[in-house]
Amino acid sequence: MAVGTESGSGGVAESAPSTPMSAMTTTPISARSVRWESDMPDIEEGGGGLERPLLRRRGTNTTSQMAIVGANVCPIESLDYELVENEVYKQDWRSRGKLQIFHYQILKWVLALLVGLIVGLIGFFNNIAVENIAGFKLLLTTNLMLQNRYKAAFLWFISCNAMLAAAAAALCAYFGPAAAGSGIPEVKAYLNGVDAPSILAPSTLFVKIVGSIFGVSAGFVLGKEGPMVHTGACVASFLGQGGSRKYGFTWNWLRWRSALLWRTFSTTAVAAMVLRSLIEYCRSGNCGLFGKGGLIMFDVSSQVTSYTTMDLAAVVLLAIVGGLLGALFNFLLNRILRVYSYINEKGAPYKIILTVVISLVTSCCSFGLPWLTACTPCPPELAASGHCPTIGRSGNFKNFRCPPGQYNAMASLFLNTNDDAIRNLFSGGTESEFGVPMLLAFFTAVYSLGLVTYGVAVPSGLFIPVILSGASFGRLLGKLLGALTGLDTGLFALLGAASFLGGTMRMTVSVCVILLELTNDLLLLPLIMLVLLVSKTVADCFNKGVYEQMVRMKGLPYLEAHAEPCMRSLVAGDVVSAPLIAFSSVESVGTVVDTLRRTGHNGFPVIEDAPFAPEPELCGLVLRSHLLVLLRAKTFTADRVKTGAAEVFRKLAPFDFAKPGSGKGLTVDDLDLTEEEMAMYVDLHPIANRSPYTVVENMSLAKAAVLFRQLGLRHMCVVPRTPGRPPVVGILTRHDFMPGYIRGLFPNVLRE
């Protein structure tokens with residue numbers, strides 16, 4: 001993802017340098033409230049610092065939010081969350097009867113049920129596919145090991161992993177570049193109002209599902225939970241927008257305004273019920289090698305009701321170290337991804353080669369490290385029951401060339417699916433199962449592999465690598481502090497995973513809920529809350545969360561909840577750019593078409609002027625997409641007169657102005673207009689938003705930024721504070737609130 005062209009007609013496209021306002025020859029309004037970098041030395045030296053303009057505006061802005069991670073540079077725009085209250089909108093609601101309104105409400109819940117059902121089926125399919133593909137690979141590897149055919153087992157293991165990795169990378173590199181990674185940063189930015197091409201495309205959905213299956217089955221230290229978030233968003237977008245015009249697969253009965261898509265979060269319950277029902281069916285042996293996977297339920301059953309002072313001290317120590325290691329993880333991941341970006345920019349073949357190389361390294365670690373681990377005798381009670389060692393199935397005690405009655409602890413973690421490895425680490429009452437040297441080696445390997453794996457061209461999540469690293473570290477610390485605390489090592493593993501999640505992702509509330517759902521133990525709530533708060537606080541002292549870093553590296557213009565300090569010294573009028581491009585309420589067709597061809601703006605002010613108004617006044621705001629629909633309908637007149645909404649509705653219906661589904665939308669090149677039609681006029685009143693959001697030019701830029709984000713706007717009109725001037729000073733868009741853009745215009749504004 002990369003820099004975009006989102007702009008209103010008062011703003012400048014992000015990929016182009018900004019043009020200074022011609023009126024900016026005097027001191028701006030906000031000059032007296034700004035602190036300056038070089039004024040005080042001049043004053044002390046008597047150099048006449050007060051004679052210079054205080055707020056110097058740079059003539060050009062060269063800042064650009066180029067994507068460091070990802071593929072090619074592509075345009076980024078904002079989403080239209082604002083209700084466009086024009087005549088088309090009003091006519092739409094006036095024409096609806098009670099039956100249509102009831103039908104509209106029903107369709108919202110139909111969409112919710114469909115999204116939940118489909119996402120649940122996809123989740124079930126992912127689990128079945130992963131456990132069968134990975135299970136078949138591991139089962140054949142184990143069988144070859146039992147026959148003492150170690151070289152054949154290694155070749156089979158490493159070849160399967162490399163082929164699966166290459167297949168996943170090829171899908172991402174050639175068919176769905178936006179499907180690489182977890183997708184959570186993209187979804188996070190989309191919910192913030194950022195719309196980048198292909199984020200929710202059908203091709204991305206397909207590659208996300210298949211590529212995630214291949215990547216997890218290839219033995220990478222990654223998870224499928226992050227990609228499932230992106231998958232659910234793709235499904236909701238595909239259904240809610242009526243399919244895809246690009247692939248010729250559309251329907252009208254399920255389309256409505258995209259703002260209502262976010263009510264589909266109620267589908268979580270439906271997806272969980274569908275997935276749980278299918279998992280219970282598979283546990284009866286009807287799904288091949290499917291074991292205990294699915295919702296990754298790790299039943300800790302700690303039965304912890306009280307804690308001693310030493311217990312709490314050990315937990316706080318765990319949280320502090322986990323926060324430090326989580327911050328270090330984010331720092332190293334940032335550096336590694338910058339290196340990967342140079343490789344990925346060379347093209348698809350290099351992406352595949354990088355993925356296969358990481359696969360070979362992972363396979364060598366998974367197969368090689370167990371050879372360095374000594375065999376451990378099985379516990380007598382488990383050996384007698386036949387549960388140790390586990391042969392021909394998943395379990396805690398992998399044989400791996402050990403004599404009968406013994407197991408290899410490292411193989412029990414590496415030669416297993418990631419879900420089973422976490423389940424082994426979380427298991428309680430198994431203090432002697434994993435030794436200190438083995439846990440240290442496993443933690444080092446998983447921590448390192450998680451860093452180098454995220455960023456390759458494979459759908460990959462960070463939850464599983466972080467949980468694996470944290471669980472192994474927590475269990476290791478629990479072994480070292482075993483004499484000082486009475487907490488179980490399995491509980492330490494869970495709390496270690498919580499500390500790493502808090503240190504890397506910084507999402508305390510959601511992570512707490514996730515861990516409680518995974519462990520099914522409410523008694524752990526106080527300890528988990530303590531660990532998450534401490535680890536997040538420690539990690540925040542060093543850097544931001546991993547997803548915040550990813551959003552910034554991908555060049556997505558994300559608006560934070562709080563305004564940047566540099567915005568407090570500026571006002572709205574300081575950042576708008578000239579010349580302002582606006583339309584008259586009844587405009588020449590040729591002027592509209594020429595403007596659409598020459599600019600990349602998506603919003604244009606509409607000015608009511610003579611003979612329709614005694615003085616120029618702001619009539620509203622019109623969107624590019626609505627202009628294109630109106631021009632294609634050719635509701636033109638030979639004279640410059642108002643036609644009203646009735647003329648528009650003779651050729652168009654309100655639904656024609658709805659946001660198109662995924663795929664190519666209407667462009668200015670699709671218009672087929674003659675020279676005679678270009679000389680005619682078109683009335684913009686019916687499609688103009690008569691009540692656009694406006695702010696006065698002397699409003700604090702920080703205050704305007706908060707309003708812009710909270711209202712989910714795409715365009716914000718800036719109006720003059722004094723009469724006798726043009727009715728609109730400019731338009732603020734998402735790009736105008738970006739810190740890099742602001743500092744590019746005013747390099748001498750200090751951070752407060």
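Including glycine, each Cβ sits where the backbone N, Cα and C put it.
Annotations in TrEMBL come from automatic prediction, not curation.
Copied over from TrEMBL, here are the features:
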- 15-28: compositional bias 'Low complexity' (COMPBIAS)
- 688-748: domain 'CBS' (DOMAIN)
- 1-28: region 'Disordered' (REGION)
- 101-122: transmembrane segment (TRANSMEM)
- 153-179: transmembrane segment (TRANSMEM)
- 199-222: transmembrane segment (TRANSMEM)
- 260-279: transmembrane segment (TRANSMEM)
- 312-332: transmembrane segment (TRANSMEM)
- 352-372: transmembrane segment (TRANSMEM)
- 439-468: transmembrane segment (TRANSMEM)
- 480-501: transmembrane segment (TRANSMEM)
- 507-534: transmembrane segment (TRANSMEM)
Report, as numbers and ranges, every residue of the chain located at least six residues beyond the transmembrane segment (312-332) whose Cβ falls under 8 Å of a Cβ in that stretch; write 'none' if there are none.
447, 450-451, 466, 469-470, 473-474, 477, 481, 484-485, 487, 492, 495-496, 498-504, 527, 530-539, 541-546, 549
Which listed stretch (153-179, 480-501, 507-534) has the most C-beta pairs under 8 A with the transmembrane segment (352-372)?
153-179
Would you mind giving the whole-number mean pLDDT across the domain 'CBS' (688-748)?
90
Given a Cβ distance threshold of under 8 angstroms, which distant residues of the chain, six or more beyond its ends, lie next to the transmembrane segment (153-179)?
1, 70-72, 133, 137, 140-142, 144-145, 186, 196-199, 201, 203-204, 206-208, 210-212, 214-215, 217-220, 227, 230, 348-349, 351-352, 354-356, 358-360, 362-364, 366-367, 456-459
Applying the under-8 angstroms CB criterion, which one of 199-222, 480-501, 507-534 scores highest with the transmembrane segment (439-468)?
199-222
